[in-house]
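Annotated features, as they stand in TrEMBL:
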type	residues	note
TRANSMEM	B:21-42	transmembrane segment
DOMAIN	B:21-251	domain 'MacB-like periplasmic core'
TRANSMEM	B:285-312	transmembrane segment
DOMAIN	B:291-398	domain 'ABC3 transporter permease C-terminal'
TRANSMEM	B:332-357	transmembrane segment
TRANSMEM	B:369-389	transmembrane segment
Amino acid sequence: MAAESLIEIREVTKTYGQGETAVHALRGVSLRVEAGEYVAVMGSSGSGKSTLMNILGCLDVPSRGEYWLDGSDVARLSEDQQALVRGRKIGFIFQSFNLIPRTTALANVELPLTYAHLRRGERRKRANRALELVGLADRTGHRPNELSGGQQQRVAIARALATGPRILLADEPTGNLDAHSTAEVLGMFDDLHADGRTIIVITHEHDVAARARRLVQVSDGRIVSDEVTR
Amino acid sequence: MSPRDLMGAALRGLTANKLRSLLTVLGVSIGVGAVIVLVAVGNGSGKAVQDRLEAMGTNLLTVSTTGGGGGFVRGQAGPANQQYSLTLDDAAALADKNLAPDISSVAPVMTSSGTATNGDTSYTVNQVIGTTPAYLPATNTPVQIGRSFTQADVDTSQRVILLGQTAATELFTRPASAVGQTIKLGAVDFTVLGVLASKDSTGFNDPNATAIVPITTLRATQAGYGALNQIVVQAAGQDRVDTAQAEVTQLLTARHQVPADETSPFRITNSAQILQTSQDTAATFTALLATVAAISLVVGGIGVTNIMLVTVTERTREIGIRKALGARRRTILGQFLIEATLLSLIGGAVGVGAALIVTRFQLAGVHPVLVPSSIGLALGVSAAVGLFFGSMPAHRAAGLRPIDALRHE
Ligand SMILES: Nc1ncnc2c1ncn2[C@@H]1O[C@H](COP(=O)(O)OP(=O)(O)OP(=O)(O)O)[C@@H](O)[C@H]1O
Ligand SMILES: [Mg+2]
C-alpha cells in the first residue's frame, strides 16, 4: 500500500440522513498528506471542511471510501484501537476550545496523558512543560472560566501537544481570537512545523492560510484546488 | 487509566455538582436507613411481645369454666353450672402422673379482693389469689424478698401472705421492710412471708397489685367454699403442651360427664399458642414495614438513575472531548459506573450510620432491635442499585460516537 503517505483518503463521501433530505457533505474526496506537511484547508461555510477533518481525526467514519492512516486501514480498526490512534497520533484543536469545564488547565492537559497510561509524576512533568511551552506556566491552576479566550486556546494547544502527536488537526483555531492571540497561535504552529509535525488547519482567514505551505480549497463537498503555496 | 485515576475522575465528577450529589445521597440514605430502622422496629416489637408472654410463664395452660352448657339463664345457679364447676379434686386428678403424664405441675386458683391494712395504712388489693406453691414457678412469679409458703402451710391453712410489689410499697413504703410484719386482710391477721418480684404489665391491670395466700386459708377466711376460678397447669415440656391440653380436656370431660354432643364448657388458654400467634403477627408486621422501606430504597435507586441520566446528558460534550483525547469505551463506562456506585454506597453508609443512631432510641414505644442481616442487605441492595441503575446511562454515554458526543448541545 501507499505506506509512504502519513494520511491518505480515497474517494471519501459522507452523507447525512437518507432519501429526500440527505445532505452530501463530502462527494468523493481524495487527499494525500505527507509527514511534516503544513496544510491549510479553505472553503465557504457548509462546504464540508469540518466533516473532512472529523474523518481525518477518526472522530467520524466516512459513508464510503478508504482512509489509510500511517499505513493502516482505519475502517478495520476496532473502536478501542481508534481511541488509541486519537490519543497517540493525533492532537485536536477546536474553534470552541473544548476544554473540560470546572477542571484546571493542568488537569485538562494531563487528560490525554492519563488515557495514554502515563504514570502520575511523568504526566505532571509533561503537562507542566506543555503549558510552559504555550506561555501559561503561571495559569496551571486556573479553570477554563477563569481564562481568556486566547488563553483557553493555548491550553487546548498544550493539551493537543502533550502526548507529542505526529499530526495536529486544527478546525478554525483562531476563529474566536483577536489579532494578537492569532499571531501567537500561528507562531506556535510555525514552531511545530519546524519541529517536523504534520499540521492541517481549517480556516476562513487568508493570512492564516498564508502561513501554511499548501492550500486545499473545498467547495460543496469536493476539493476544487490543491496547490503548494510556498 | 489506573483505578486511582478512574476514582479521581469519578470524585471530580461528583464534586462538580455538590448539591445534586448530596440530594441523591440523601435519597439513597433515607431508603437504606428506613429499611434498617423499620426492620429493627418490627423485630423489637416482636421481641417485646415475646418477652412479655414469656414473663407470664411458658408451657402454661389456664383452665377455666365457661359457666355451663346452653339452656340455662345466665347467673342462675343451675345444676349444670355446678356440674361443670372446677374443684380441688379436679386439680388433684390433673396432678396425677398416671392420668396425665404430660403435666408437670398443677395449681388451683381462687381469687377475691379485699382491703389490706398495716396499722393506719390501708390498701385495696384488687386480686387476692388463693393457690398452692406450684403456682409461683408455673406462672413465672418468683419471690424477690423473703420466701414462699409451703405445701404444709396450705395443708394447715396458715395465715401467711405474699405481697406484690405495688401492694408491698403501698403498705410498707419500702417493700423489704414488709417481710415478717403482720397485716390485716379483711378482719384476719396475716404474716407477710415474702414480696414478689416486679412483673411487666401485660394488659391494663397492674400485675404487681396482688397478694397470694394459701388456697385453703383464702377459702376459710375470705372466699368461702365455692368453685375454683382457674386451674393453672404446666406442661412437662414445650413440645408437650398440646398433649397436655388434650389430657386436660379428656380428664375434665370424663370427670364432669359432659355429653359428647355438647361444646366443651371448659376454656383452656394455651400460652404457647398465644406466643405463636403473636410471633406470627409480629413477623407480618415486620414484613409490612420492610416492604414499605424497600419501596423507599427503590425510589432512592430511581433517584440515582435520574441523576446519572441528567449527568450523562449534561456532560455528553465532555464525553466527546474525552473520547477525542483517546478515552476508551470502558474508561468512560468505568468513570460513570463508579460515580453511580459511589453515590449509592455513600448514601448507604450514611443510611446505616443514621439507622445505628436512630435505633438507639425508643421509637413508637418500641425498643428497636437491629437485625444484622438487614444492614448487609440494605448496603448490598444500594450498591446493586447504583450499579444496575447507573449502568444504563453510563452505557449510553460510553457507546456514543465521538463526533455525536462533541456535537451535542
Ligand atoms: N450531523 C449532521 N447532520 C446533518 N447534516 C450535517 C451534519 N454535520 C454537517 N452537516 C452538513 O454537512 C455540510 C458540511 O458541514 P461542515 O460542518 O463540514 O461544513 P464546514 O465546511 O465546516 O462549514 P463551516 O465553515 O461553517 O464550519 C453542511 O451542509 C452541514 O449542514
Ligand atoms: Mg466547520
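We count from 1, first residue shown onward.
Cβ coordinates are placed from backbone N, Cα and C, and glycine is handled just like the others.
What you are looking at is a predicted structure, and each value in this text was computed from that prediction instead of being measured.
Simply put, out of B:285-312, B:332-357, B:369-389, B:285-312 has the most Cβ pairs sitting under 8 Å from the transmembrane segment (B:21-42). Per-residue pLDDT, averaged across the domain 'ABC3 transporter permease C-terminal' (B:291-398), gives 84. Nonlocal intrachain contacts for the transmembrane segment (B:369-389), taken as residues 6+ away from its ends with a CB within less than 8 angstroms of a stretch CB, comprise 28, 31-32, 35-36, 39-40, 43-44, 47, 290, 297-298, 300-302, 304-305, 308, 337, 340-345, 347-349, 351-352, 355-356, 359.
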